[in-house]
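Q: Following this message is one structure expressed as structure tokens.
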Amino acid sequence: MIATIRVVVTGAAGRMGREMTRGLLQTEDIAVVGAVDRREVGVDIGSLNGLPPAGVIIQEDLAGVIASARPEVMVDFTVAAAALANARLAVEQGVSPVIGTTGISLERLDELHQLCEARQVGAVVAPNFSLGAILMMHFAEEAARYFPRAEIIEIHHDQKIDAPSGTALKTAELMAARVNRPLTPSPAEEKVAGARGATYQGLAVHSVRLPGAVAHQEVIFGGQGQLLTIRHDTTSREAFLPGLLLAIKKVRQLKGVVYGLENLLEF
């Protein structure tokens, strides 16, 4: 008999929250036992997602949901400040957070890691749950060893509130750590402020926000007489479900915070 993992979703009425909840409700070994959001309060989470009623209504009080529903894992798709508050509350109750929210600083992640270790609870924080995007970051990390310069262009829908994306920042961090030396952008005089994008870990990072986009990123490497472009396109949020399921199924085996889905994969 397959063991069922009890999950509460925070940010359940948002774009990502709804898409992931729909997938979780249709996954055999996952039981969505709670849903938290300030929107759509009192609405059945199944009905909200075009599925048969699930018997789980959206509530505002995470502490109350944890106490009554007894989840093992909390999946969070809110915003950075709320995600951290939710994660701290969950960890204190022995519930393992899986956080897909971006914009959380490394300092705050370290604080969460210390709390998780003290409570002997695992957590996963992943800027991107798409397995294809994780492979894109891995390939970029390896390519950074062989090219003197690179730039990142990330494209997202116009409702995304943070820039650069967590995926772009994570990619830059991986590349800089892989080469173990400062990366330097090409020198250029900006005739218009910001024309060369933001600089992070020595890489120029360009953020595009347009209607019609979902999540896209390319890393362009330049060397003598050649360019290498590594690109990943997410055309539907369904792409995030397999990675999310992987994190949910592994997080209870961890102690402390694992940052990045790539650390749950075998390369």
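Heads up, the Cβ atoms here are built off N, Cα and C, so glycines get one too.
From Swiss-Prot, for reference:
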type	residues	note
BINDING	G11, A12, A13, G14, R15, M16, G100, T101, T102, A126, P127, N128, F129	NAD(+) binding site
BINDING	R39	NADP(+) binding site
ACT_SITE	H156	active site, proton donor/acceptor
BINDING	H157, G166, T167	(S)-2,3,4,5-tetrahydrodipicolinate binding site
ACT_SITE	K160	active site, proton donor
Q: Using C-alpha positions only, work out which of the recorded positions R39, H156, T167 is nearest to P127 (NAD(+) binding site).
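A: Nearest in space to P127 (NAD(+) binding site), counting only the recorded positions, is T167.
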Q: Express the distance between the Cα positions of G11 (NAD(+) binding site) and H156 (active site, proton donor/acceptor) as a whole number of Å.
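A: The Cα atom of G11 (NAD(+) binding site) is 19 Å away from the Cα atom of H156 (active site, proton donor/acceptor).
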Q: Of the recorded positions H157, K160, T167, which one sits closest to F129 (NAD(+) binding site) when you measure Cα to Cα?
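A: Its closest listed neighbour, by Cα, is T167.
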Q: Going by Cα-Cα distance, which of the binding-site residues (A13, R15, R39, T102) sits nearest to H157 ((S)-2,3,4,5-tetrahydrodipicolinate binding site)?
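A: Considering only the listed binding-site residues, the nearest one is R15.
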Q: How big is the gap, in Å, between the Cα of the residue listed as 'active site, proton donor/acceptor' and that of T167 ((S)-2,3,4,5-tetrahydrodipicolinate binding site), rounded to a whole number?
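A: So the Cα of T167 ((S)-2,3,4,5-tetrahydrodipicolinate binding site) lies 11 Å away from that of the residue listed as 'active site, proton donor/acceptor'.
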Q: Using the alpha carbons only, what distance in Å do you get between A13 (NAD(+) binding site) and the residue listed as 'NADP(+) binding site' once rounded?
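A: About 6 Å separates the two Cα atoms.
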Q: By a simple count, how many Cβ atoms lie within 10 Å of the Cβ of T167 ((S)-2,3,4,5-tetrahydrodipicolinate binding site), its own Cβ left out?
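A: Around the Cβ of T167 ((S)-2,3,4,5-tetrahydrodipicolinate binding site), 26 other Cβ atoms lie within 10 Å.
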Q: Here are some recorded positions: R39, H156, K160. Which one has the most Cβ atoms within 10 Å of its Cβ?
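A: Ranked by Cβ atoms within 10 Å, first place goes to H156.
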Q: If you measure G100 (NAD(+) binding site) to G166 ((S)-2,3,4,5-tetrahydrodipicolinate binding site) at Cα, how many Å is it?
A: 10
Q: Going by Cα-Cα distance, pick out whichever of the recorded positions R15, R39, T102, K160 is nearest to T167 ((S)-2,3,4,5-tetrahydrodipicolinate binding site).
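A: Result for T167 ((S)-2,3,4,5-tetrahydrodipicolinate binding site): the nearest of the recorded positions is T102.
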Q: So which other residues, same chain and not among H157, G166, T167, have a Cβ within 8 Å of the centroid of the Cβ atoms at the (S)-2,3,4,5-tetrahydrodipicolinate site?
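A: The answer, listed by sequence position, is T102, P127, N128, E154, H156, K160, D162, S165, A168, A215, Q217.
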Q: Consider the recorded positions R39, K160, G166 and say which one has the Cα lying nearest the Cα of T102 (NAD(+) binding site).
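A: Checked the recorded positions R39, K160, G166; minimum Cα distance to T102 (NAD(+) binding site) goes to G166.
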Q: Compute the C-alpha separation of R15 (NAD(+) binding site) from the residue listed as 'active site, proton donor', stating it in Å without decimals.
A: 10
Q: Between the Cα atoms of the residue listed as 'active site, proton donor' and the residue listed as 'NADP(+) binding site', what distance do you get, rounded to the nearest Å?
A: 18
